[in-house]
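Engineer: Sharing a structure here in structure tokens format.
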Amino acid sequence: MIQNDLLLRTLRGEQTERPPVWMMRQAGRYLPEYMVLREKYGFFERCQTPELACEITLQPIDIVGVDAAILFSDILVVPQAMGLEVQLVESKGPLLPDPVKTAADMNRIRVPEISETLGYVMDAIRLIKKELNGRVPLIGFAGAPWTILCYMVQGKGSKTFDEAKAFCYTQPELAHQLLQMITDTTIAYLSAQIEAGADTVQLFDSWGGLLGPADFEILSLQYMRQIVTAVKDKAPTILFAKGAWHSLEEMAATGAHGLGIDWCIQPQRARQFAGSNVTLQGNFDPAKLLGPIPVIKKEVTAMLDAFGPGRHIANLGHGILPNVPVAHAKAFVDTVKEYRYKG
Ligand code: CP3
């Protein structure tokens, strides 16, 4: 039994007294307690050691008081499991030294057996569930196929992911073969996370907004739709496609329980596009947490008013920035926790 199940009730569409709150990337570098472990262990070592992943997952619950835990891991463990080397280079971000560029490169890629390659994630989930002891729900996650393809082909972060797009536009058959392999892997992976104890799952399509609406359907949404269809009856499913607000109506039609939005769309407009049968999540500009606390409190309240009563999960519109003071993150969370729906 989960004591604080605000998040799950909100995803199911039940009326609650206030919105639940969590923050994307809530386990991370703005927390001094995270930095201590970061000094001692490499990034993937932290992901692959269940005790470390568990400790890091619980930090924002204990320190900031959010209403949900999100598994400490990374979306790039999936390309690793599929056969690619992935490094995380200090202050540079992800690096895949041998990305996918040709048909021959596809021979190195496989749909892996999840228990053999990502079993450590499920071990971490079981440990986290035990340590959480029902305090708050646990969110599992994976990258959306399009965003994973971006890294598998580009080989590193990018503002435009031009090489990934060139791959899709010049070798569409290969691109779709790869997207389908990622999709099949992700369905098995999220199902295993749920089986191990994840209470809800989120798909991160961080680079969905790089595609126009037609390409978003072809390269991203048709694969996310397959994933939602396969997992939504096992656990509530949240889709977060950053910058892809043009397709909120189509994303709602997948049957996802929640849709994440960034700060570039008004809550009321997002609601019009998404319809009334889905929970919206977001959408505070993460950079606003760098402003003074009284301004944060005022703006968070304005955001909650704008979303209106119910079917809203308070969150940032993207990950928390590493230079946000912990007190400011707490002000964000506390403002939501003090808020009450009127009537
Ligand atoms: O949200 C959480 O607290 C759970 C853990 C989590 C991480 N990454 C840990 C992490 C989650 C959900 C992710 C998702 C992720 N990873 C995304 C999608 C969300 C988004 O932000 O768009 C993407 C695109 C990645 C890929 C990735 N991982 C990048 C681009 C980077 C480097 C840039 C950065 O923000 O540091 C990472 C590293 C990473 N993943 C860190 C953390 C805490 C920082 C590692 C460190 O330096 O200690």
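Using the three backbone atoms N, Cα and C, a Cβ is placed for every residue, glycine included.
TrEMBL entries are annotated by machine, without manual review.
From TrEMBL, for reference:
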type    : residues                                                                : note
DOMAIN  : 20-29                                                                   : domain 'Uroporphyrinogen decarboxylase (URO-D)'
BINDING : Arg25, Gln26, Ala27, Gly28, Arg29, Phe44, Asp74, Tyr151, Ser206, His318 : substrate binding site
SITE    : Asp74                                                                   : site 'Transition state stabilizer'
Engineer: Write out the long-range same-chain contacts of Ser206 (substrate binding site), meaning residues 6 or more apart in sequence whose Cβ is under 8 Å from its Cβ.
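Structural biologist: Once residues fewer than 6 apart are set aside, Ser206 (substrate binding site) is near Ile75, Gly143, Thr147, Lys242, His318.
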Engineer: Where the record says Arg25, Gln26, Ala27, Gly28, Arg29, Phe44, Asp74, Tyr151, Ser206, His318 bind substrate, what is the longest distance in Å from one Cα to another among those residues?
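Structural biologist: Looking at Arg25, Gln26, Ala27, Gly28, Arg29, Phe44, Asp74, Tyr151, Ser206, His318 as a set, their Cα atoms extend up to 22 Å apart.
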Engineer: Using DSSP, tally how many residues of the domain 'Uroporphyrinogen decarboxylase (URO-D)' (20-29) sit in helix, strand and coil.
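Structural biologist: Residue counts for the domain 'Uroporphyrinogen decarboxylase (URO-D)' (20-29) by secondary structure: 0 helix, 1 strand, 9 coil.
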Engineer: Which one of these binding-site residues has the most other Cβ atoms within 10 Å of its own Cβ: Arg25, Ala27, Arg29, Asp74?
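Structural biologist: Ranked by Cβ atoms within 10 Å, first place goes to Ala27.
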Engineer: Pop the mean pLDDT for the domain 'Uroporphyrinogen decarboxylase (URO-D)' (20-29) in here, whole number is fine.
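Structural biologist: Result for the domain 'Uroporphyrinogen decarboxylase (URO-D)' (20-29): average pLDDT 97.
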